[in-house]
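**Student:** Below you'll find the structure I mean.
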Amino acid sequence: MANPYERGPNPTDALLEASSGPFSVSEENVSRLSASGFGGGTIYYPRENNTYGAVAISPGYTGTEASIAWLGERIASHGFVVITIDTITTLDQPDSRAEQLNAALNHMINRASSTVRSRIDSSRLAVMGHSMGGGGTLRLASQRPDLKAAIPLTPWHLNKNWSSVTVPTLIIGADLDTIAPVATHAKPFYNSLPSSISKAYLELDGATHFAPNIPNKIIGKYSVAWLKRFVDNDTRYTQFLCPGPRDGLFGEVEEYRSTCPF
């Protein structure tokens, strides 16, 4: 039986590594004044009239929405409704960012324009975040098992135990990260996630804590593949995640591990 959530053409490496996907995208501004529980942002949505999964993305400590805007447009162009947010203050801690990601999802579902609301399948939601926003992503995933996917990007959190998370989680770390070193953040986070869930750890080679702030084909490719696989239940994308990217010498990926098959 055909998957009712399948959107877009059969995927290829070239399609996933390109700067934009197959869907034309429009934007809707969310002013700080109209936002409840977060600092405003931008909603990116496919122009094609259909229903899509929805994703909220948080910046990191001291970061603004501009630092993650590329991800909003990139992911929406593959068939998702995406909100990239400003936090209430740039110094908000990870657990506050979790609350704000949740508020942003609620805004898209309940308070956005009818054009946006009509495109959202509210049963298929996901969250992403950079740095402390990645920590917030983990926190919200631990609080909302109904989420379909979580993607922390070079995440930072003081809590190292995420054994209560059941949401399919892709953690992306960076080998040269000195702000949230993978040895004390991304790797322990990944290891603490239950081995029974769908999870993956991808470590970028030659990359710093701020790799997610500029367009990055590896982050784009594997984030889209993860969202497609778990938000859309689209098994056409499993081929990119299992066995996943080759790691090691001269690659863009330092390390990849997962609980494949999924």
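Placed from the backbone N, Cα and C atoms, the Cβ positions cover glycine too.
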**Student:** Which candidate from Trp156, Trp162 does Swiss-Prot annotate alongside Tyr61, Met132 at the poly(ethylene terephthalate) binding site?
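**Tutor:** Record check against Swiss-Prot: poly(ethylene terephthalate) site with Tyr61, Met132, extra candidate from Trp156, Trp162 is Trp156.
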**Student:** Are there any residues in the same chain, six or more apart in sequence, whose C-beta is under 8 angstroms from the C-beta of Cys260 (disulfide bond), and if so which?
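**Tutor:** For Cys260 (disulfide bond), the qualifying residues are Ala200, Leu241, Cys242, Pro243, Gly244.
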**Student:** Counting only other Cβ atoms and using a 10 Å cut-off, which of the recorded positions Tyr61, Trp156, His209, Cys242 scores lowest?
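**Tutor:** Result for the recorded positions Tyr61, Trp156, His209, Cys242: minimum number of other Cβ atoms within 10 Å at Cys242.
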**Student:** Name the one residue among Tyr61, Ser131, Met132, Trp156, His209 whose Cα is closest in three-dimensional space to that of Asp177 (active site, charge relay system); these are the recorded positions.
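**Tutor:** It is His209, whose Cα lies nearest.
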